[in-house]
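Enquirer: One structure, pasted below without further comment.
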Amino acid sequence: VYDLFRRSYQSSMAYVLITYSVWFMTMTWLFAPFLFNPSGFEWDEIVDDWKGWNKWIKEKGGIGIQQNKSWQSWWNDEQAHLRRSGYGARLFEILLSIRFFLYQYGLVYHLDISQQSKNFLVYVLSWVVILAVFLTVKAVNIGRQLFSARYHLMFRFFKAFLFLSVFTIVITLSVICELSSKDLLVCCLAFLPTGWGLILVAQAVRPIIENTGLWQFTEVLAKAYDYGMGSILFFPIAILAWIPIFSEFQTQFLFNPAFNRHLQIQPILEGKKKQK
């Protein structure tokens, strides 16, 4: 976002020098468990992990289903603190979620399609687009429930129809309203956090909407977010696992005598410190 909208006389190098430590810490948190796992880049292990992860995220939860068996059980347990929270804490959660909507508000006025208009209607129209995206996701989910089991071919035609419809709308907006490729990227950067903010709001008001279709849609949307993030994490790991030389390099690094000796001595040193 910074690089897209910075002033022409400003250099992106200054931003990199200021924030490189944050990016390094983020990448470390995400990928260190794989880098320091001796089998983290074994192709067969990656394939098994992918299959197991897909099974976990698609398995339905319920009473007696452990978190490591179902995404739904894990997700419900992550919200356990909200069930014991009062109205003040829930209201505070909603107020914190407003930051995602403010982020969206700031980005939509930088779109080329808005033609530098500062009218509040531009922000309202962005919510119309978000509603249309949510309805499309809901339609795919309903179609999967109705057709995927018995009418698999019809479900494929239904998804193809939705894809062609969205593609036609994007092309039409590009020709008539000057929708640019940068606008599509900015919309993703703006609307994805907005969707996450709506999920957080729905979790805070769960007692009110739990018995309605809104809560079911919230669960579907949250699963889509987690599935997308998991796929993003798996993709570079799968690419590195597919390259044999990287796995060999990791093995040489982890089983390096000096590195390995340090790992063996460290517990002894910690034990001596505890005795003292």
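The backbone N, Cα and C atoms fix where each Cβ goes, and this holds for glycine too.
Note: TrEMBL annotation is automatic and uncurated.
TrEMBL lists these features:
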DOMAIN    9-90  domain 'Glycosyl transferase 48'
TRANSMEM  12-36  transmembrane segment
TRANSMEM  87-108  transmembrane segment
TRANSMEM  120-137  transmembrane segment
TRANSMEM  157-177  transmembrane segment
TRANSMEM  184-205  transmembrane segment
TRANSMEM  225-246  transmembrane segment
Enquirer: What residues in the same chain, six or more past the boundaries of the transmembrane segment (87-108), come closer than 8 Å to it by Cβ-Cβ distance?
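Expert: Answer is 1, 114, 122-123, 126, 186, 189-191, 193-194, 196-198, 200-201, 203-205.
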Enquirer: Compare 12-36, 120-137, 225-246 by their Cβ pairs under 8 Å to the transmembrane segment (184-205) and return the stretch that comes out on top.
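Expert: Per the Cβ count, the answer is 120-137.
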Enquirer: May I ask for the residues of the chain that lie six or more residues beyond the transmembrane segment (225-246) and have a Cβ under 8 Å from a Cβ within it?
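Expert: Residues packing against the transmembrane segment (225-246) from afar: 30-31, 34, 40-43, 45-46, 49-50, 53, 57, 71, 75, 195-196, 199.
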Enquirer: Find the average pLDDT over the domain 'Glycosyl transferase 48' (9-90) in the predicted model and report it.
Expert: 84
